[in-house]
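One structure is given below, encoded as structure tokens.
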Amino acid sequence: MEVFPFLLVLSVWWSRTWDSANADSIIHIGAIFDESAKKDDEVFRTAVGDLNQNEEILQTEKITFSVTFVDGNNPFQAVQEACELMNQGILALVSSIGCTSAGSLQSLADAMHIPHLFIQRSTAGTPRSGCGLTRSNRNDDYTLSVRPPVYLHDVILRVVTEYAWQKFIIFYDSEYDIRGIQEFLDKVSQQGMDVALQKVENNINKMITTLFDTMRIEELNRYRDTLRRAILVMNPATAKSFITEVVETNLVAFDCHWIIINEEINDVDVQELVRRSIGRLTIIRQTFPVPQNISQRCFRGNHRISSTLCDPKDPFAQNMEISNLYIYDTVLLLANAFHKKLEDRKWHSMASLSCIRKNSKPWQGGRSMLETIKKGGVSGLTGELEFGENGGNPNVHFEILGTNYGEELGRGVRKLGCWNPVTGLNGSLTDKKLENNMRGVVLRVVTVLEEPFVMVSENVLGKPKKYQGFSIDVLDALSNYLGFNYEIYVAPDHKYGSPQEDGTWNGLVGELVFKRADIGISALTITPDRENVVDFTTRYMDYSVGVLLRRAEKTVDMFACLAPFDLSLWACIAGTVLLVGLLVYLLNWLNPPRLQMGSMTSTTLYNSMWFVYGSFVQQGGEVPYTTLATRMMMGAWWLFALIVISSYTANLAAFLTITRIESSIQSLQDLSKQTEIPYGTVLDSAVYEHVRMKGLNPFERDSMYSQMWRMINRSNGSENNVLESQAGIQKVKYGNYAFVWDAAVLEYVAINDPDCSFYTIGNTVADRGYGIALQHGSPYRDVFSQRILELQQNGDMDILKHKWWPKNGQCDLYSSVDTKQKGGALDIKSFAGVFCILAAGIVLSCFIAMLETWWNKRKGSRVPSKEDDKEIDLEHLHRRVNSLCTDDDSPHKQFSTSSIDLTPLDIDTLPTRQALEQISDFRNTHITTTTFIPEQIQTLSRTLSAKAASGFTFGNVPEHRTGPFRHRAPNGGFFRSPIKTMSSIPYQPTPTLGLNLGNDPDRGTSI
């Protein structure tokens, strides 16, 4: 420190001596440096000395210069010193100051037309912030920015995105202008990252002590979690002190990951920062190209650089600042521009300019000199130095260095990648050492049983449970690749985790927060609330909300045979049968047909109805209809019956083989609009919180989620919600309920249900994903995420998905119809109604038969005796009449009533053969004959009533016409009987004798 004032005085004297000694030089430049930029002045003088010794550039001309120092925060002083330099006459002005004074010098240079080469400098090595110099659109800006623009915010954003950080804290020192990362803060806020800011005071020890004194234990623990991810924007000296303090006070552990970003970090600073830190450290700094050939490190084209600046082993070169390098390259650039002007013989002499005089004119050669400088370019210590159209240097490169996770101090550091504005990030930031060193590591894994993500595959008493599922397959893939082992257990409360009133977490997330587990895996969705307390890998499967509903069951309709026609149509058909039967009877009654030989049926109303019904069911009828009107009626009826029966047959076949039972709920909107089926989800789950936040949003008051929340929140959520997913699935299967849950879980349940009784609906928008949860700041997250991405890229993840969610499962996921129903075979349920109708007919017929039997027995008890009710023995009468007809004088013979033997006849019983023949029914007729019986006998005649013949089962025939009988004449001919009296022969049934008609083929009658 005692030598420094002497050197300063010596340098000022040397500067004045140089100026006076070269007063006749035509090349003179001025320099303004910050008071703290002593190295800039030293490097500036070294650069001028190197160029004056190089005869190939300026040949016989020498560069002279004037240097002055100003307060970086005093713009007035900077302008005053610049005016003094312009008054001396300069070709260009070089400045290494802060942004405050740079703006004033920019205005002065523009006014006086003096090229101004500005090297931005920050205080004490603190990272730069953008100066924001105003650029004119008229291309009359005489200020050129030698240092590239500030790209720190772009580099930080790229690195943070690569590391997939979601929550971190930024520490910055008191000298840093926080506005320098305002653009970065805006971008991370748009991406949903949680970023905290904290200013680091100069007295770091006092700041740390204050934290311990003012924070409670819970707050201090949360602060420790925050420090696991941190970005340090401060000068190297402050960063070293801060890291030392937090490590010694145990505020950070080996699982922390810090990023230090500063352009001014040199190799010595890197080694010191790595030595003091624990955990993982990433360093971002500006880097410059170095020739691979050691012998060429100090040569740039035809110019040789002083070895004190280019030799990496030189102590001065090791501690140079970024601004020192740009100072040297600026002098080299000016020397080449002067050389160009001398060669082109377009030299403009220097002019003494006065800033004080009102009518002072700018330098006439300023524009030409500025264009020569802008078009030129050199290769120096910083690489290629050139200017773009906007007057800035676009060439910049950043180097990203990093260490591996570890507790030991003094770990090695390696280059992870590099960044530039053109190509972006080149390289991988993955911790390769961590990937290779997980062999033998045993991780404790917490899970929640959820099909098909995690399921118990084997549970043997006395042995650890074995698990299977999609998440277990993913975990095994990571384990096989990285080489770690794991022990798995189920969360004590079987929950995924939600925040409690006291700020703690329960469930799977709570196990990670309290550090009882290293990894949490199941059907765990990535949510902002969970990301605040734990870290997540990249998603390994997309997530969406679905609804599980019970497929509508096929109802057992015993009378499915009646389904093809509507009830009203059946009523019309039944009425039509009655109406047509009545019309047929009336038509035959109005115009009775002639009696046909051999026909023994009559057209009663009963027979007409029976005939119409028989023809309708295609069974035919017994009554012949010969009238034209009746036949036209029956023709129309048969056509009607043909169409109806054909339509019924076709419709019945289609109805019994294909049954469609479609549900009215096919989307979440349909579910929210109805109230017949209650629905809910798992209490305090991610789905529950998602619906709650959406439903309580005032901007979505009438939306789908608000309607869903009203249903889910009934009775404070206890009415329609369940405590775990399996309870919700069982509630759907055995009740009227819809379960809202993860679509992947519900699809697996629907696919593998033995009865195929479920179907799912849902939202296909994958706004979230399933991820592996780790402790906040876990060193394993990055390598896990990298491996998951590799599994997705090579298709292994899709293979695992198809294993648990096959495309062609045994059940249809989205159809509310039972697709397992066969279309060809009909079961007993489909025809149960037909058997019921048959059974009803049998029961009814048996009941009627019993009634008839009872009625006949009751009627038989009241039949009169033989003495009171006798009938004529028709066979005896037949023989007597035949004998009379063969007598010659029978026509004139008189006989008395007593000559006729009235013998009771029993016609109740008939021989078997006789019963099989068609026998006329005389119940509604009587036999009228013309006979020769004397009129005295006719008084005994009476009509054969239906009552008398009730036991004689004859068919119905038309009534015989009354007329005279013919009898055989003695000569064998026939003649009309002289007695033409018409009389009736009465008869009554007798229960004792049978009547044998037609057994004797030789028997005949003339009646």
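Backbone N, Cα and C define each Cβ position, glycine as well.
Cross-referencing C83, C99 with Swiss-Prot gives C99 as the cysteine bonded to C131, criterion being a recorded disulfide. Membrane topology as recorded by Swiss-Prot puts F611 and K859 together on one face. Disulfide pairing as given by Swiss-Prot: among C256, C310, C298 connects to C310. Counting only the Cα atoms, the space from N713 (N-linked glycosylation site) to N293 (N-linked glycosylation site) is about 74 angstrom. Listed as Cβ neighbours of the transmembrane segment (636-656) (distance under 8 Å, sequence separation of 6 or more from its ends, same chain) are residues 560-561, 563-565, 573, 576, 580, 612, 615-618, 826, 830. Summary for the glycosylation sites N293, N713: the Cβ-based neighbour count within 10 Å is maximal at N713. Cβ-based neighbour count (10 Å, all protein chains) for N716 (N-linked glycosylation site) stands at 8. DSSP assigns N426 (N-linked glycosylation site) to a strand in the three-state reduction. If you compare Cα positions, N716 (N-linked glycosylation site) sits closest to N426 out of the recorded positions F76, N293, N426. Counted within 10 Å of its Cβ, the other Cβ atoms near F76 (site 'Essential for dimerization') come to 11, all protein chains included.
In the three-state DSSP scheme, N293 (N-linked glycosylation site) falls into the coil class. Long-range Cβ contacts of N426 (N-linked glycosylation site) within its own chain (separation 6+, distance under 8 Å): G417, C418, W419.
The CA atom of N293 (N-linked glycosylation site) is located 47 Å away from the CA atom of F76 (site 'Essential for dimerization').
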